[in-house]
Structure formats: C-alpha cells, structure tokens
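Working notes, beginning with the structure itself.
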C-alpha cells in the first residue's frame with residue numbers, strides 16, 4: 001500500500017514538518033497546531049480557517065471531559081493536603097523492615113503518584129526528593145535508585161484513578177469504569193515483576209534490613225492513613241458500582257479530599273487555595289490545548305485520508321490479529337518517543353481504535369495496550385524524557401542509566417507481550433464484577 005499515491009505532497013509536508021518540530025524539541029501540543037497551520041498554508045486551503053476554531057473545541061463538548069480538570073484538582077489537593085506523604089509513609093511501615101524495603105517503598109509510591117500526577121516531571125521530582133536520598137544513605141547505588149524510579153513510572157497510569165485511562169475513555173467512547181478495572185491486574189503483574197528484580201538486587205548486594213516500625217507506630221500510621229485511603233476507594237467503588245458517574249465521583253472525591261486535608265490533617269490552609277487552583281488551571285490548560293490542537297491535526301489527517309490508508313496498510317500486511325497486535329506494539333513504542341504520554345493518547349486513539357475493532361480487539365484491551373506502550377516509550381534510551389529527568393537529577397550519564405535499565409526493559413517487554421496476547425488479563429476484573 002503506497003501512502004503517497006494520492007495527495008503525496010501534502011502528506012509529505014505533514015510528515016516532514018512534524019519530524020522537524022519534534023526534533024527541535026517543540027512541545028507536542030504546539031507541534032500538532034503548527035503542523036496543521038503549515039499544511040493549510042502550503043495547500044492553499046484558506047477556507048478552513050473559518051472552521052478550525054470550531055474543530056479545536058468539538059471534543060471538549062463531551063461531558064466526560066469535565067472529569068479531567070476535577071481529577072487534576074484532586075491530585076493537587078491530595079499532594080498539598082498531606083494525603084500523598086502519608087500514603088508513602090504507610091508504604092514504609094509495610095515494607096521498611098524487609099531487605100530492600102526502601103526500594104519497595106519507591107515502587108509503591110510510583111504506583112500511587114503516577115495515577116494522579118499529570119506529568120512525569122512532577123512525579124519523578126516528588127519521589128526523587130522524598131525517597132531516593134534515603135535509599136542512597138542505606139547503601140543503594142545511585143544508578144539503581146534512579147532506574148527503579150524511572151521504570152516504576154510504567155505502573156502508575158494503570159492504577160485507578162488514572163488520568164491516562166480517563167482520557168482514552170473520553171476519546172474512544174469506552175466505559176471508564178471498565179478501563180479502571182482492566183488496568184489493575186496488569187499493574188499488579190508489573191509490580192510483582194519489579195518486586196522480584198528488587199529482591200534479587202537486595203540479595204546480591206546484601207543490603208541490610210532496616211528496623212521494623214514498632215507496633216504502636218504502625219497502628220498509629222494505619223489509623224492516620226484510613227481517611228486518605230477513602231478518597232481513591234471512593235473513586236474506584238463509586239464508578240465501578242455504577243452509583244456515581246466519572247464526573248460525579250471526581251467531584252465528590254475533590255470535596256472529600258479537601259475536607260480531609262483542611263480539617264483532619266490540617267495541612268491545607270486558606271491561603272494555599274489560590275496556588276492549588278492556579279496549578280490545576282495550568283495543568284488542565286496543557287491537556288485542553290493538546291485536545292484542541294489534536295482535533296486540528298486529526299482534521300488534516302482526514303483531509304489526506306490517512307486513517308483509511310493506515311487501515312488499508314494494516315489489512316494488507318497483517319492477515320490476523322496476532323500479527324496486527326505485534327505491529328501495533330512496535331508502532332506505539334516508536335511513535336511514543338515523539339507523541340509523549342497523554343499527547344500520544346489524544347492523537348492516536350481516534351486513528352487506532354477503528355482499526356483494532358476490525359481485528360476483533362476489545363477497545364478496553366486496546367486502551368491498556370496503548371497506555372502501557374506510550375508510558376514505556378518515555379524511558380527509552382536515548383530520547384526518553386523520564387530517563388533524561390533521572391539523568392539530570394542524579395548527574396549520571398544516559399549511558400550508565402541505560403545499562404542498568406536493561407533488566408527492567410526486558411522484563412517490561414515480556415509483561416507487555418503477556419498482556420497483549422492474553423486478553424483475559426484485562427478482562428478478568430470487569431467480567432468478575434459484571435461490567436462486561
């Protein structure tokens with residue numbers, strides 16, 4: 001299938017301008033908008049300037065979009081209200097007495113934080129500031145601490161409430177409750193796999209066991225964490241039970257987290273509210289701008305009949321679901337280097353979902369595959385953004401980190417293939433709870 005057989009010059013303009021802007025390090029939201037404008041100017045389709053503003057905001061008319069700023073606000077409140085720090089401390093109470101305990105704390109902290117923090121930069125900064133220095137004091141190498149923090153980022157977007165899965169659900173028109181449940185078991189499998197690597201590392205390095213938390217302190221920590229646990233449980237149970245819609249559960253969770261942070265933990269002050277709201281507006285604006293420019297970009301793709309050409313291309317080289325899923329993983333891992341994280345979900349979901357359905361792939365299963373691949377691509381050497389963040393914060397070279405990252409990459413690829421070719425892994429919990 002020749003992609004350039006019709007409208008070849010305009011398609012070439014799209015591809016070249018996209019690649020150049022990405023290589024220059026332009027943020028993906030601006031890339032999508034600029035590429036569309038370049039396409040319009042070079043093809044002379046000036047009448048589209050009248051309709052582009054409307055296209056930019058079409059997707060935001062979806063009622064599910066309202067949940068996105070609410071979940072962003074929830075994450076900000078949980079961080080500022082002391083809920084996040086208490087969850088990390090509780091993880092230390094559980095795992096701290098084990099050999100390699102702080103590494104397990106790092107893993108569990110990443111699982112929780114990545115599900116509510118919008119950017120990899122923010123999550124890595126929190127873990128690097130709170131846990132990594134303590135790991136190095138207790139004998140963990142700087143390389144292992146950085147690599148574990150980088151790799152554990154894969155798990156978070158699978159654990160509800162996940163902003164990545166929420167955005168996929170809104171765009172693809174898929175049940176968010178099914179997506180939230182479908183991501184739990186894959187997340188647990190990743191956590192077990194990384195936990196085994198931690199155990200082997202701790203045993204090889206003969207890391208000392210840290211002192212177990214006294215029973216009295218452990219009980220106190222448990223009671224302290226109970227209000228914090230209510231917030232994510234409310235979101236999960238409310239959505240999956242059908243008692244609350246996604247937007248409603250997010251609104252109730254925001255109210256509850258605010259009350260806990262203000263009156264129970266007493267860490268949110270009135271003067272903190274403007275800063276929390278400003279951070280929420282900034283983060284939401286980034287996601288909203290991605291939605292807007294992605295709608296423009298998808299229009300340019302439609303004008304070149306790209307979705308149909310991509311579908312025909314897959315159908316011409318993949319005559320069965322097995323081959324299609326293999327090609328899909330390769331495509332996502334490569335494109336995820338340029339279309340990072342949420343930006344990749346926004347752009348690729350409307351293109352890939354109809355193709356996957358033709359091959360009999362459940363859209364919920366597809367959502368989990370897309371999120372895993374795009375998250376994994378963030379730690380790919382030499383251009384993975386999360387890897388760059390870890391390198392900058394530790395002062396270690398990309399080469400040293402990449403070498404230490406190899407076991408985690410191999411394990412991640414293996415788990416990805418298991419999840420890809422065993423759909424029951426994602427369907428198990430939705431089926432058990434009667435949501436399918």
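Cβ atoms here come from the backbone N, Cα and C positions, even for glycine.
Note: TrEMBL annotation is automatic and uncurated.
The feature domain 'TRAP C4-dicarboxylate transport system permease DctM subunit' is assigned by TrEMBL to 15-425. As annotated by TrEMBL, transmembrane segment applies to 12-40, 60-78, 111-132, 144-173, 179-201, 222-243, 249-265, 277-301, 313-334, 341-361, 367-389, 401-424.
Taking pairs at least six residues apart, the transmembrane segment (367-389) and the transmembrane segment (249-265) share fewer than three Cβ pairs below 8 Å and do not count as touching. Between the transmembrane segment (277-301) and the transmembrane segment (179-201), fewer than three CB pairs separated by 6 or more residues in sequence fall under 8 Å, so the two stretches do not touch. Counting same-chain residues at least six beyond the ends of the transmembrane segment (179-201), those with a Cβ under 8 angstroms from any Cβ of the stretch are 99-100, 103-104, 107-108, 111, 144, 148, 151-152, 154-155, 157-162, 165-166, 168-169, 207, 236, 239-240, 364-365, 367-368, 371-372, 407-408, 411-412, 414-415, 418-419, 425-430, 433, 435. Mean model confidence for the domain 'TRAP C4-dicarboxylate transport system permease DctM subunit' (15-425) is a pLDDT of 82.
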